[in-house]
Each structure stands twice: as C-alpha cells, then as structure tokens.
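Asks: Got a structure for you, questions after.
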There are 6 protein chains.
Amino acid sequence: MRENRKVDEIRPVKIETDFVKHPEGSVLITVGDTKVICSATIESKVPSFLKGEGKGWVTAEYSMLPRATESRNIREAAKGKLGGRTQEIQRLIGRSLRSMVNLKKLGERTIWLDCDVIQADGGTRTASITGAFVSMVLALNKLVEEKELSELPVEGYLAAISVGIVNDEIMLDLDGKEDFQADTDMNVAGTDKGEFVEIQGTGENHPFSKNEMEKMLSYAEKGMHALMEVQSQALSEIYPPPAKKG
Amino acid sequence: MRENRKVDEIRPVKIETDFVKHPEGSVLITVGDTKVICSATIESKVPSFLKGEGKGWVTAEYSMLPRATESRNIREAAKGKLGGRTQEIQRLIGRSLRSMVNLKKLGERTIWLDCDVIQADGGTRTASITGAFVSMVLALNKLVEEKELSELPVEGYLAAISVGIVNDEIMLDLDGKEDFQADTDMNVAGTDKGEFVEIQGTGENHPFSKNEMEKMLSYAEKGMHALMEVQSQALSEIYPPPAKKG
Amino acid sequence: MRENRKVDEIRPVKIETDFVKHPEGSVLITVGDTKVICSATIESKVPSFLKGEGKGWVTAEYSMLPRATESRNIREAAKGKLGGRTQEIQRLIGRSLRSMVNLKKLGERTIWLDCDVIQADGGTRTASITGAFVSMVLALNKLVEEKELSELPVEGYLAAISVGIVNDEIMLDLDGKEDFQADTDMNVAGTDKGEFVEIQGTGENHPFSKNEMEKMLSYAEKGMHALMEVQSQALSEIYPPPAKKG
Amino acid sequence: MRENRKVDEIRPVKIETDFVKHPEGSVLITVGDTKVICSATIESKVPSFLKGEGKGWVTAEYSMLPRATESRNIREAAKGKLGGRTQEIQRLIGRSLRSMVNLKKLGERTIWLDCDVIQADGGTRTASITGAFVSMVLALNKLVEEKELSELPVEGYLAAISVGIVNDEIMLDLDGKEDFQADTDMNVAGTDKGEFVEIQGTGENHPFSKNEMEKMLSYAEKGMHALMEVQSQALSEIYPPPAKKG
Amino acid sequence: MRENRKVDEIRPVKIETDFVKHPEGSVLITVGDTKVICSATIESKVPSFLKGEGKGWVTAEYSMLPRATESRNIREAAKGKLGGRTQEIQRLIGRSLRSMVNLKKLGERTIWLDCDVIQADGGTRTASITGAFVSMVLALNKLVEEKELSELPVEGYLAAISVGIVNDEIMLDLDGKEDFQADTDMNVAGTDKGEFVEIQGTGENHPFSKNEMEKMLSYAEKGMHALMEVQSQALSEIYPPPAKKG
Amino acid sequence: MRENRKVDEIRPVKIETDFVKHPEGSVLITVGDTKVICSATIESKVPSFLKGEGKGWVTAEYSMLPRATESRNIREAAKGKLGGRTQEIQRLIGRSLRSMVNLKKLGERTIWLDCDVIQADGGTRTASITGAFVSMVLALNKLVEEKELSELPVEGYLAAISVGIVNDEIMLDLDGKEDFQADTDMNVAGTDKGEFVEIQGTGENHPFSKNEMEKMLSYAEKGMHALMEVQSQALSEIYPPPAKKG
C-alpha cells in the first residue's frame, strides 16, 4: 500500500522543452522528484564501424551530478573511468532509442543523447529514456525544418518505466525509497504499439514467478501509456499523438 | 527451422569439474562450441561497504581470450579499461549468483567467480552463469568439508540460457550465427523452483509482443531445466538434485 | 561599444536558492545566458594531509554538461581524465572560496563545492565562484542551525567577475562572443572589503599596460560590488549585507 | 637433488594443436603442471612505424587467468594497466619469436601471439615461447596452403627453458616450488642450430659465477633440444625436424 | 627584511646555453638554488585544430624530477596522470611564450618547450618561462640559419618573476622558504616594452589591496628587467638587446 | 673496428657526487655522451608485502627527459602510462641494486633510486645502475653518520656495462650509433668479486653462439672493473676500494 498514489499509478510527470539553449533538442523531464536534463545533438558523421554503410547511429551518455543524490557521489571524471552501473545504463538508453529510429532514413548521422540527472529519486534511467525520446524528436524536427530530412525517421513513441515488488506488493514507478526496499526491480521500455523494446528484470533479493512477471508487465504498459500522453503534449506541434493500442 | 536440433532444444552441454588445479572450485563448461573456464575463489573478507555487517558477498569477473572469437579482439588490459559490454555481463553474472546464496550463512567472505571464455560461439554469458554456479558449489563444499561452514549456504539450482527471435521464429539457445541474425535476444536466469532471477530482453532490431515474450520464457524454462540436469550430474556427490517443478 | 549595456555594466544576475533538494546548500546562478548549479556538501573529515591539525578544508569541482556549449564537448569521464582547463578552474574556485573561510572555526570538516555549468555564455568560472559562495554559506548555516557550529566561519562576501579588452576597449563581464574576441582576459575575485583574493590576467593575444591593468581592476571592483548585492538578497535571512567599502 | 627427475631433466611436455577453433594457429602446451594456450593471429597490416617498408612484424601478449596461480591475482584489465612483469614477459616473447621469422618474406603482415596461462607451476614464459613457436608455424602454414606465401618464412626451430640454482644445485626447468626457492634464475631461448636468441639471468638472491653460468647454459641447451623434439612431432606434417647440432 | 639581499632584488641568475646536445635549443637556467633544464623542439606540423590555417603553435610541458624537492614527490608517469598544479603551470608557460611569437611568420610548425626542474627552491614556473624564452630563440635561430625562416618570428623579450607578501613585507623573487611563508603570491610575465602578458596573483591566506598590487607590479617590473639583461647576454650573438623602457 | 677506442675499451666516465642538493645521495654519471642523474632517497617504511618482516627494500625508477634523445619522445606522464621498455629497465635496475644490499641490516626502510637520463647516447640503463650504486652508498652513509645504522649494509661494488656484436665484431660499451647497428646486444651487471647479478642478452637480429657469449662476458668483466675504479674514487672517503679479483 502506498500513501499518496495507487500501486499502479505513476508519479506526476512534466516535460519542459528547450530547457537549455544550445542543443538541437533539449528537455527537462521531472518524474516525481527525479529531474533529468536530456539533450540531443546531431552530428554529421558515424562511428568508424558504420562508415560507408549509408545509415546512421544513435548513442547515449548518462551521468549524475555529484549531489543529485542524498550523499555526494564521486565524479567519474575524477575517478578517471566510467563505473559499471553507468555503462549498463548508457547501453540500455542507447539500445532503446536506437530501436525507434529508422537508421537508413537518418542517413550517415549520429544522434548523441546526453542524459544528466540533476536530482535523483528513483527511476532515473527510465526517465532518461522517456525524456531523451522527446529531445531526439525535437532535434530531428530541426533537420526536417531545414530540409535536410524529408520526414521524421522515427517509428513511433517510446517511453520507459520501472516496476517492482515491494513487501510482496507489485508497484509501478518506484521512487527512491521504494526502490531501496524492492525485492524485484524491473525496467521496461516499450512502444505505442504495445510492444517491448527492452525488459530488464532482476530478483536479486527475491526471485519472481511467471505470474508476477505478467502482472509487472501489465502495470508497466499502463505506465508507459500515461507517459506517452505527456510526451505527446510536449511534441504536439510536430509529431502526431501515439497510436491507440487496442 | 534449424538443421540439427529443434527450435526449443539446447546444444550439447558438458561440465568438467576440477579443470584447473589451483582454484577452490573450477569447471570447464562446454555449450555447443562455446567453452568457458569458471573458477571460484573464496576470500575471507568482504568489500568495505559490507564490513561488520556479518554477511558475505558474491561477485563475478568475465573476460574473453583475444582469439575466443573469429577475429581477434583487443585485450581490455591493453586498452586500460573494461568495456561496457564486459561490465554489463559481469554485473549480470554477479547478481544472478548472489541471488542463490544465503549471504548471512556465508558469513564475512567474498566469493569471486572468474568466467574466462576460451572459445565463443554464442551464449557466453549464460554459459558463464551456469558453469559458475557449479564452481561455486564446489568451492563452498570445500568449506563444509573443512568444517568452516556447517552446511552449503546455497538456496537451490541456478542456470541461465538465451532465447531469441530469428527470422520470425522463436529459438532456444542461439549459437553465434543465430545470435548475429536475431531480431530479439533474451537472456534468462532461473531457479529449480521455476522462478526467474534475471531477465534481460532486447528488441533493438524488432520490438516484441507480450505473446512472444511468454513463449520465449517457456522455452527458456525448458532449457534451464535441461541445464540443471547436467549441473546435477557434475555435483552428484555433494548436492541433491534440483527440485521437480510441478 | 556594446549594444545593450555599458562597458562597465554586468549582465542581469539571478541567484535561486535550494535549486536541488539533496545538497546542504544549493543555488542556480544565472549571469546573462550563463547558468551554473552550485552545490555545497559538508563532510565530517579532512584530506589526509590535514588530519589531526584541528582545521578544515574547502575544495571545488567544476564541470560542464556536454551541451552547455554551442558544439558538443566530450565528457571528461568518457575521456578518462580531467583536462588542463578544468583543473585550472577547479583550483581557482577552491583557492578563492578557501580564502574566505576561517578553517580553524570550521573544524575538521571538508566543504565540497560542485559547480556544474548547464549553459555557458562566458564567465562560467566567475559565476561559479559567485554562486558557490552563496551555496557554501547556506550549507554552513545548516551547521549553525543544528548547533554544530556556534557561528558562521565566513569572513565576508566573495564574488568574482571577468574583465577584458575587446577591440581596444576595456569591458566588464564578457559574454561568450566578447570573450572569443578579447585580446586580454582577466578574472578577478574579491571581497566586500575591497581586497583581491585572486587575479588571473592573460594577454596572450595582446600584452596589456599598467594603465589598462588599473582600469580593468576598477571595472572589476564595480562588478563585484553589484554581484554582492544579489548575493546579499539571496542570503538576507542568514548573513548580514556586505561591508560598505569607503 | 630432486625426487622424481634428474637435475638436468625437463618435466613431461605435451603440445596439443588446434586446441581452440577460431585462431589461424592454436596450441595448448603443457609443461609439468604449467598450461598455456598459445594462439597465433595473422593480420594483413603492420604497425605504423613499419608502414611501407615491405616487411612484417611479430608481437606477443601474455596474460594469466586470475586463478592460474595458487592465490587469486587481480586482473590487469580491472587494474586498468599492465604490470611491469607482464610487459617484461611480453617483450621477451615478442623478441624471441621475431628473431626466427624472415620479416621480409613475411611481407606487410603482423603476427600476434597470444599466450594465456590457464595454470601456472613455474616456467610460464618459456612454455609460452615454446608453444607460441608451434602456433606461429601452424598459422603461417595456412598462408602457404592458401598460396599467400610461397614458403614458410621461418628460419629454424625455437624453444625456451628455465634453469636456476636451488640450494647450490644447478637445475633445469624449475617448477613453481623450485622457482620460489631459487637463488639464481635464468631463462634461455635458443635455436636448433645451437645458438641463443635470448638469455635473461638474474642472481638477485645470490650472484653467480662464470662457471655456474656455463653449466646453466649447457643444461638449457639440453632442455631446448628435448623441447624441439616435441615441437617437431606437433609440426611433423608441415615442417622438417630440427637440425642436428654437432 | 632579508638577510642577504634587498626585498626588491632578485637572486643570482645564470643561463647556460647548449646544456644538452640533442635539442634545437637548450639551456640550464639557475635562479638561486632553482635549476631548470629548458629545451626547445621544433616540429614541422601543428595540432589538428590549426591544420591548414597557415600558422604555428607554441606549447609547453613542465615536470619535476622526484628529488628536485626536499621530500620525494611521486612521478606523474607512475601515477598515470598529470596533477592539477602541473597542468596549471604548463598552460601558464605555454600562453606566455605564445604571446611573444608571431605565429603566422612561424608557419605551420609547433614549438615544444620542455621545462624539467632538476632542483627546486621557489620560482620554478617563472624560471621555466625565462629559460624557455632563451631556448626558443636559440631553436628558432637554427631555422633562420638553415634558411627555413627569413627572420626570427619573435616580438621582443619575455621574462617572468614571482613577487609576494611575506610577514606584511612585499618581496621580489621568493625562494622556497619565503614562498612557504607568503600570504600573497604573484607570478608575473612581461615584455621588454613594459607590458604584461600574464599576471596570476593569489591571496589565499591574506587578501591584498590595490596599493599592494601596484607595489608588487613595480617590483616585478624591476625583476623582469634584470632577468632580460641575463637573457640578452645568453643571446648576444643572435638577438638584439631588450628595448629600453622609458 | 672503432675510430677512437679499442673494441674492449669503455668510453670516458665521470661521476660527480652531490649533483643535486636535496636527495640523501645524488650523482651525475657521464659515460661518453650519456648523462644520468641518479638520486637515492631513503624512506622509513616498506611496501605492504614486506611489513613486519624486519627487512628493507630497494626499488628503482627510470625516465628520460623528452629531449634526452635525438627526436623528442613523448612524456609517459602525458601518455598516462609507463611503457614496456621503461618498466623492463626499472625492474632490471631494481633487481641489480637489491642484490648488493643486505636487506636485513637495512631494516624496515625503502631505498628509492631515481635514474633520470638527461642526455642519451647508448647504455643508459647500465649507466643508471653504475651511478645508482654510488648514490645509494652515499645515502646509506648518511644513515651511518647519523648513527641510524651501525655499518653500511652493502655487500660489495656493483657496476653494469653493455656489450654487443656490431658487424660481426664484439664490442664493449656501445654508444648510440653502435647500439642501433648491433645484431646482438647484452647488458651485464656484476660485482667486484667477479660474479654476475644480471645478464640480459638478446640476438633479435642475429642469434649468438656460446663462444660469442663467452667473449662478450670477458669484455663485460673488463668494463665493469674499469667502472668500479671510477666508483671507488667517488666513494673514496666512505667505502673501501673494490676487491681485487684474482
């Protein structure tokens, strides 16, 4: 049982576009007390392994300010290397976003998605995916406006949410305190067509059953649908609303 | 359709124990043409964040020999840093194994699981989990024999397998070639009680539906069951066979 | 000549306190289009070289988000090392703030000042100093409120501003475009008693004379005075206004 | 005095070819309880300092699995740098093998020799050289078979062995325990023509005389001769037996 | 008050040219007990950010031998990274020297200035600038002699000196002991035309007033003038003496 | 044939003591055009692996100034890691010096030997060993003078020299040009009792016979004897001359 919201309800979400002035696409996404600046940069070249293949690439970087968290975390730049958690998250964000872009239509360009958490209260990686999607569409739209692309090379909406089992209760969109208590923790990224692009579930403290798995996925679908409504408003002038899933 | 085995069938699996003489527990696991040396080391101390908490820790390291793969991959020691893929895999193996150990019963000890791939043909991370489980039980059994522990602090069998969608067909235990062609790729670790401890599914090339998800999980369960039979034979003298799932 | 402000006038400045919820002290400082999040953390220990000396330490870290700038700059965490510019700036901020703290009264504590530039348009290091001062006083005030300190161990106001020579004209508070054109560039940090704590002037493109030096310092004094007014409003409830310099 | 073999006798040696399937040349060499996987990779380019010179290069990398040794050694990839011992050994292996290859006949190709110790019991660097030679000839022979080379660009057999002084007694092919007790330790690499390509002797615990030096070299010659017999069997179908030294 | 010299007097200075045989320009500069080897290397290419711009670059590296100092300092090569102090100093030396070179006349070449402190007793960064200037002119003169340049692309003399406030007394050219006691510490680099190219003043222990600032600059001017006399003798055969400042 | 000296003759050698003022022991050794500053530091603690064992340690670090060589070599501090050649040399110097010290008599102290090459013309590693020996004895003598040690814990003289085969001729003490042409290259460190502590011979370009080996060792003995004469003069007031080898 939760105090202020139902177990299958997400926290209040806000997406402010053009939060920072320099990037081609930029948002501040707020999910409860979690705040992430997502910026999209479009570069006119691709990594060496893709050169000459006539298609583009999408990649992500993720970082936390030292005091995004309750106690100060040491900067990875000061340590001189990226930690395992950061790399795991960066790869998750990158794969998720890449799945929604038609890389051939994008052409030989790289989209960099920078997700910088300025305040953390659970769900930073899923907020990053949800916000990065909006910043990416904003940036791609600039290319359309500048006639560099004839249409948005995007294949639908993408949002992500966490779900978990806390004290034997399945809950959607865990905040920091719930996340700390959770026995099972799952991050789900999906499309407006009701399909999944990433599922990462871990029951390190408590293995989970097939039934729990199914219920978690149902909650996640509900949460992603609600997030897409907010994304849709932020993109209302440039991208049609998400498909209605039957 | 596959040539030599059914789509829900795993490749031939072999687990040779005591493959290397120095470690407390050591196996060579062979899954098709994938070969991994899994060694377990037990250290009488814990990481600093656990000091004085009266419980233990389980952690894993994963590496490939440069020519485990078709073309030579550059050593991470030569590059001076661990890649994102390696870190992602190490974290997956560590969390999976940790979930099956009663850390309080283990006491202030750390179990290091070293998974070194000497030949790769798909499924190296799941073979690592499956083999590391056996090497861990072997090493813990030494502590029981030496009366340092009164019983094995292990809470059941653990195995892991990959499953994916290749040319619109769901397949169990992808080999290297199938993995390369797969649109959806999922790694599943589970217990002999039919529960999951890790699910990591990615549809970077092709999002997957809930139905596909369910079928993939069923295949995975079948595969893990078969792997536990092999584990059980390797451990026959020291650990009871896996629970029969109803 | 400038379009919208006089040559000895600073850009509009705003200091929002408690911008992020976790740090003991936190501000968002805006100087023109430059925006920096300054967070202060107080740690109950000192670096090893100060152990047992009965006094504290103040240190600073500085970073830019990749898209704080017009073109994307590569993260130092990804490069695996801090660049020379970053280290130079961190040392400047650290020395400046340290000069205003009575380290004996502070006791064996370390104040970490994290300055993260989210949008850059010239003067990021001086905005960092000016904002970090406010976040530091806010954090120290918490210690006073919690009776850990009997009084604020701060010895006056500290602000910093840039000044330079652009097209043979001395100008205060250069924005990004002016900074790019400047032949001489000077950063000045000073106190409300009219004294200097740091002066770093460079005439890489054009050496400067003693007369120019004097005029630049006069402009800088004017600018720092204006900045202290804004700091004073942000701290109005906890710290007396700056001394009037005769 | 030794228990099971004479002081001038080497341990049992076995060389299994094609131990791993991907490399162009691959062996598992076993010398007593020391086991090393040696793989040879041929790359169609040379390091930048050799570009356009019309000749090739031979280089080696050496590593130990963490539990090749009695107590677990920390991975150099995890440390982020190669240790001095590793670099010293890599350079020794590289120089030794390079000395036996006609680099002009090799043409603009690089031979990478990866020596991965899976079990260590003394003499890992000399076993690496001895095994790497065989894997290199196997790999080069593939180029001959594919008509890329008209003949093997190899100038004779190469083997290496250790010799030392243990409790004032000169001994050939020290195992791990003897190596630990040795006052003088020497590694010798030589050819089937009775010449030396590398001698590295160290008397850190006990300087050695010219007479001892000579006797050690005699023992080493005997040992290398025995090793070449084993190499010769492994290569019997593709390379003529070693020259008979008068 | 000082024992052996006046407060506005510099220590004995000696500049030995051609101290090391390989570099194009090389000096050993001795200022009191501070000794720095300054070597200039001219490379026929520029950093990538300058390619094709038709102008050159000047850059500096600074290092101390481990026992240049009273207690042994750890090598930065062993630590695997450059410290903040080193980077700050390298940037200062580089900017100072760059300001005196006509980069267009230099053409697409890079001048590397290596300043290696073999004995430190205060003022190592200013001695480095003063010595590097001489080594740079020597190296450039070789290009003139070899007809690669038609004239020296140098725009006057450059020297640097420290000045500070020790026990409330302003002093020129602090030695190590004075530097340790100083409340204010300033490094000044200037030209023979009486202009400044770098001023870095810090009052970490004691803020300084405008009057003190002015007096420090006067002392510094006197010191730089004396240093230029010594530089001028070292360069007497190839570069005219410094301009007489009115 | 050589122009100015016989094939078994060393270059002119000079050892200046107290070359730098801060270290406990310091020399500048000049061998032909090779110049190395060798400094000895004595630290009152040992590495962790020796703690509580009641004995000391000797270790060495080696570096070249960027322009010690004909073309500029990049600093290892700038690269962020030590190269293989440097590590190989450091280990050689450390082992050689360690062999001559009675570590029990030294007690729980570490001797750091810093060898910094300021000018290189062949034989830098052997000059480092020869010079480091003198600086080490000087430093240890300070401990004797200060009554911290009752006698010098040194077990005789140590010197090192190179020898090689150039155009089929065996030559002692190769200079840079000869070293570049050499087919075989050997470094030998030995004692005044005619024993060897290190022999490192490599015939990368041309394997060498047993006869050549013997002749090279004879030359080396002659060279080391001559070097010990020079060491003996430098140490005349504190250490007895080398033993006469019969």
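Cβ atoms here come from the backbone N, Cα and C positions, even for glycine.
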Asks: Among C:R85, C:R98, C:R109, which residue shares the phosphate site with C:G123, C:T124, C:R125 according to TrEMBL?
Replies: C:R85
Asks: Is it possible to get the count of other C-beta atoms within 10 angstroms of the C-beta of C:R85 (phosphate binding site)?
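Replies: For C:R85 (phosphate binding site), the count of other Cβ atoms within 10 Å is 14.
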Asks: Across the domain 'Exoribonuclease phosphorolytic' (C:157-222), what does the pLDDT come to on average, as a whole number?
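Replies: On average, pLDDT over the domain 'Exoribonuclease phosphorolytic' (C:157-222) sits at 96.
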Asks: Out of C:G123, C:T124, C:R125, which has the highest number of nearby Cβ atoms, where nearby means within 10 Å of its Cβ, if these are the binding-site residues?
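Replies: Max Cβ neighbours within 10 Å, all protein chains included: C:G123.
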Asks: Roughly how wide, in whole Å, is the group C:R85, C:G123, C:T124, C:R125 that binds phosphate, by largest Cα to Cα distance?
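Replies: Roughly 14 Å, rounded to the nearest whole number.
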Asks: Other than C:R85, C:G123, C:T124, C:R125, which residues of the same chain sit close to phosphate? List them in sequence order, counting a residue when its Cβ is within 8 Å of the Cβ centroid of the site.
Replies: C:Y62, C:I89, C:V117, C:A120, C:G122, C:T126, C:A127, C:S128, C:N187
Asks: Under DSSP, is C:T124 (phosphate binding site) helix, strand or coil?
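Replies: Going by the DSSP assignment, C:T124 (phosphate binding site) falls within a helical segment, counted as helix.
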Asks: Quick check: in three-state DSSP terms, what is C:R85 (phosphate binding site)?
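Replies: In the DSSP reduction, C:R85 (phosphate binding site) maps to helix.
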